[in-house]
Amino acid sequence: MCMVIFAPIFAICAFATCGGYYGHLQVKVDCAARRHNNVSINIDFGYPFRLQQVYFKAPLCEAKREEIVFLNGDFSAAAQFFVTVGVLAFLYSLLATIVYVFYQNKYLKNNRGPLVDFLVTVTFSLTWLLSSCCWAKSLTEIKTATNPTEVLLLISACREKENRCAATQEPFWSRLNTSAVFGFVNVILWSGNIWFVFKETGWYKTGQRYPSRTSSRKRSSEMRERLYSESSFDQPDDNFGPFRQDSFTEPRGDFDKQVQRQASINQSQVSFSLPETYLGKSVVYERENKIASQGPVIFVNEM
């Protein structure tokens, strides 16, 4: 299955790019009241992105002292949920690979293995979708909270117009963007794997029984009709009546005379009867120096 090959790889890429992220932001504060007072401030943050616990020291231009500034936002819930789903998906993929390779017979026994696999696959598909959406939304908010413009507004000295503040280094977001992409790739992968796991369950096999039975019955009925038709045209019945049917290639007038002869015999035997039409057995007529053939004949009894 595709899950055996690709699921562990994409799961590792998803939680590794998110869980191992480290961001660095550097700003510079230049107070107008002091000359040669360019103060560089380093701000470091990373997983699990509890930004309200990240702080740094910034100078106060009107006094020779510093203030402690904290960032805004707590995005640990979405990040940890995303990483947890990735780790569990990776472990389950490894377990499923071992079962598929070494315990195939036990996996298919009593149909329990495919049913459990199907339910777990559906669950992981939904959790990957939920965690990826939450993480993508939280990533957007993390970028906003660590935007240099927003960070500089938290510093008291930067809110004064006479002082100059600027960002000298911004964090790189390519790694976190990649983690969000891998999250949605896992959604597609696990959702597509639902069909392959469902084919191994008894639900799919049960649904496939009825069309096969219907087709087999149809084929058997067609075969019986074909055998009956062949037997009726190939085997003459010598025990039925004193008359035999001529070949179908003989003229139509001779055939009509034979039908009238048979009708006259039936009228002599029956005193009174209503008009009746029925399909009799195949009657074989024979003429001299001709090969006998047979076929169904319709007899009409008239009043």
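Think of each number as a place in line: the chain as shown, counted from 1.
Even glycines carry a Cβ here, placed using N, Cα and C.
TrEMBL annotations: computationally assigned, not manually curated.
For the ranges 227-247, 248-268, the feature annotated in TrEMBL as region 'Disordered' maps to 227-247.
Here the transmembrane segment (81-103) has Cβ contacts under 8 Å with residues 1, 3-4, 7-8, 11-12, 14-15, 18-19, 47, 113, 117, 120, 124, 127-128, 131-132, 134-135, 179, 183, 186, 190 of the same chain, all six or more residues outside its ends.
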